[in-house]
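Taken from TrEMBL as is:
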type	residues	note
DOMAIN	23-79	domain 'Acetyl-coenzyme A synthetase N-terminal'
DOMAIN	81-467	domain 'AMP-dependent synthetase/ligase'
BINDING	Arg189, Gly190, Gly191, Lys192, Thr311, Asn335, Ser523, Arg584	CoA binding site
BINDING	Gly387, Glu388, Pro389, Asp411, Thr412, Trp413, Trp414, Gln415, Thr416, Asp500, Arg515, Arg526	ATP binding site
DOMAIN	531-609	domain 'AMP-binding enzyme C-terminal'
BINDING	Val537, His539, Val542	Mg(2+) binding site
MOD_RES	Lys609	N6-acetyllysine
Amino acid sequence: MFAKIYPVLKPANNRALIDNETYQNWYRESIENPERFWGEHGKRIDWSKPFTKIKNTSFEGDVSIKWFEDGETNVSYNCVDRHLATHADQVAIIWEGDDPSLSKKITYREVHEQVCRLANVMKARGVKKGDRVTVYMPMIPEAAYAMLACARIGAVHSVVFGGFSPDALGGRIVDCESTFVITADEGLRGGKPIPLKNNVDKAIDIAARGHIMVKDVIVVRRTGNPTGWAPGRDLWYHEECAKVSADCAPEPMNAEDPLFILYTSGSTGRPKGVLHTTGGYLVYASMTHQYVFDYHEGDIYWCTADVGWVTGHSYIVYGPLANGATTLMFEGVPNYPDQGRFWEVVDKHKVNIFYTAPTAIRALMGAGDDFVKRSSRSSPRLLGSVGEPINPEAWEWYYHVVGDDRCPIVDTWWQTETGGIMITPLPGATDLKAGSATRPFFGVKPELVDGEGRVLEGATDGNLCITDSWPGQMRTIHGDHERFIQTYFATYKGKYFTGDGCRRDEDGYYWITGRVDDVLNVSGHRLGTAEVESALVSHHDVSEAAVVGYPHDIKGQGIYCYVTLMAGVQGSDELRKTLVGHVRTEIGPIASPDKIQFAPGLPKTRSGKIMRRILRKIAEDDFGALGDTSTLADPAVVDDLIANRQNKK
Ligand code: WT7
């Protein structure tokens, strides 16, 4: 089958930065001569000490990745101070509140002052270069100030998504040994308060059991509702910031000094602390932001992600601010007060570039076109998609209805680990196909391999690897370099393995087909099946659990749990509710199981390995083709699983 081709639509009258010929030339150069290419583009940020070395990377042996390794710079300087001479009064952040009547605009000058003050508060409380600081915030400008203040003094931030539970937060505080937390009294989403500070209090108790004693908690007053308070430990953000100077010199940082840790789920074990460093990350985030979104000075840019995910790091905060852009930060949700909110905000702030996730597009598509048509949407020039494969129906709706056939769509494939966008159209250069992330960005060398690691050529399906380093790549897993090597470079020796399956078509376009490991993608949020399983078995009624994903119309994937109960415990709807609630408290609402099937036994091989392939098929209600079940220890369990499946069509 051949996909329809949407020829290049130049965003806003031929002003695209990169045309196809330039793409081809730059791409060739970036692959043939990465030193020359990145030596040139590395200069797009300011260095207090220019680099002389460019690329020093190896995917073999101990895996060592260094870019611009003798250069010195500061990310906060590049995102703020650098723009003051010419753009001090330009709006850096437009904040749109959950309540549609609340919004504010913050200039680069104001961001500078706020970041300096918070940096001084942290210094005064003893935070030093290299210390880890946990940020657990709603979508308010102070979240960006917190990140930039850390970067300014060389502290390493670990932003934890505000939807994660106290347990998940506590685990992350312990893993990176962080004793300083920045939070807010409450968040506000869809009119509902989120008890951030009270969650922090619980997380601190949990962390104490792991022998990490949190010493300072800086609290932004957002709703003003009462919360727990530990005198001496807890401090109001506004009070502390008022006491310190509005100037703070940026700390010179080596290009390879850590910038942040961000936890993400893998196929096994607990979430991993993905570590990104300073120079290469910023070069890559800012360069991809400029070219993928065809960013021009004066553009109003809106990425709807949360700062708790990598998309928020690279494309709400670091990329746009490094480019001196105006970045919109939205506190609310797509369906509050109603499903027209996104388009209302687009009109209200005259957004030119709009970047969101397929799950939101599908949900809004389901609400009907009237919510869209109510707005003019005359400002957007470009639309983006990220986080999961976008199905062609959603793509077409986004293109025709939201974009009025006028805006190119950039379907951007990347990962927490990659730091920035890896496979994507460039708006002025790439013909589009609905559902394809199209072609690699500069410096990205994709390769498809089969299960044995044999390289596949031409139009084919395979496992997606990247064969050489790019500046935005993660450098290690915090505290566990061996796990870094094992997770990413051991499956296919000498290559970075993404965990994604992918098809390359006859035009060399890439179509990501989804994870081939035990990682779920639920509404664009990444979850390990092992995490949900361990949350389930931590309940006293559960003896064993196996979790798989199944196709879900809105969420992309739904969470299907097979649960074996303790002897004597009876399965019931009541217990299903209890277990859903239990997983929500253990991990957070994003991990809520969609289906729970009580299973007296799970299909295991004689060596005791659970055969997930079979469980996936049954969850998809596609048990006609279970494949070979002869290696099962007890083939009869399969009949029971089929008879009691929860997803009958
Ligand atoms: C996984 C990474 C990095 C952005 C947010 C998610 C899936 C991401 C796409 C896309 C198809 C995509 C992949 C990837 N994914 N973007 N455009 N098309 N799949 O970051 O939480 O690290 O998840 O999201 O499966 O491996 P993440």
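Cβ atoms are placed via backbone N, Cα and C, with glycine included.
Residues of the domain 'AMP-binding enzyme C-terminal' (531-609) grouped by DSSP class, helix first, strand second and coil last, total 24 helix, 27 strand, 28 coil. Cβ neighbours of Val537 (Mg(2+) binding site) (same chain, under 8 Å, six or more residues apart in sequence): Ser543, Glu544, Ala545. Annotation for the binding-site residues Thr412, Thr416: lowest Cβ count within 10 Å of the residue's own Cβ, Thr416.
Recorded residues Lys192 (CoA binding site) and Gly387 (ATP binding site) have their alpha carbons 25 Å apart, per Cα-Cα distance.
Rounded to the nearest whole angstrom, the C-alpha distance between Thr311 (CoA binding site) and Trp414 (ATP binding site) is 9. Rounded to a whole number, the distance between the Cα atoms of Arg515 (ATP binding site) and His539 (Mg(2+) binding site) is 28 Å. Of all the binding-site residues listed (Thr311, Asn335, Ser523), Thr311 sits in the most crowded Cβ setting, with the most other Cβ atoms within 10 Å. Site extent for CoA: among the recorded binding residues Arg189, Gly190, Gly191, Lys192, Thr311, Asn335, Ser523, Arg584, the largest C-alpha separation is 24 Å. Model confidence over the domain 'AMP-binding enzyme C-terminal' (531-609) is summarised by a mean pLDDT of 96. Neighbour list (Pro389 (ATP binding site), Cβ cut-off 8 Å, at least 6 residues apart, same chain): Pro358, Gly435, Trp511, Ile512, Thr513, Gly514, Gly556. For the domain 'Acetyl-coenzyme A synthetase N-terminal' (23-79), the DSSP-based tally of helix, strand and coil residues reads 26 helix, 11 strand, 20 coil. Of the recorded positions Arg584, Lys609, Arg584 has the largest number of other Cβ atoms within 10 Å of its own Cβ. When the Cα atoms are compared, Thr416 (ATP binding site) and Arg584 (CoA binding site) turn out to be 23 Å apart. The Cβ of Gly190 (CoA binding site) has 13 other Cβ atoms within 10 Å, all protein chains considered. Proximity to Ser523 (CoA binding site), defined by a C-alpha to C-alpha distance within 10 angstroms, is shown by the following binding-site residues from Gly387, Thr412, Trp414, Arg515, Val542: Gly387. Candidate recorded positions: Lys192, Ser523, Val542, Arg584, Lys609. Not one of them has a Cβ under 6 Å from ligand 1. Cβ packing within 10 Å was compared across the binding-site residues Gly191, Gly387, and the lowest neighbour count falls to Gly191.
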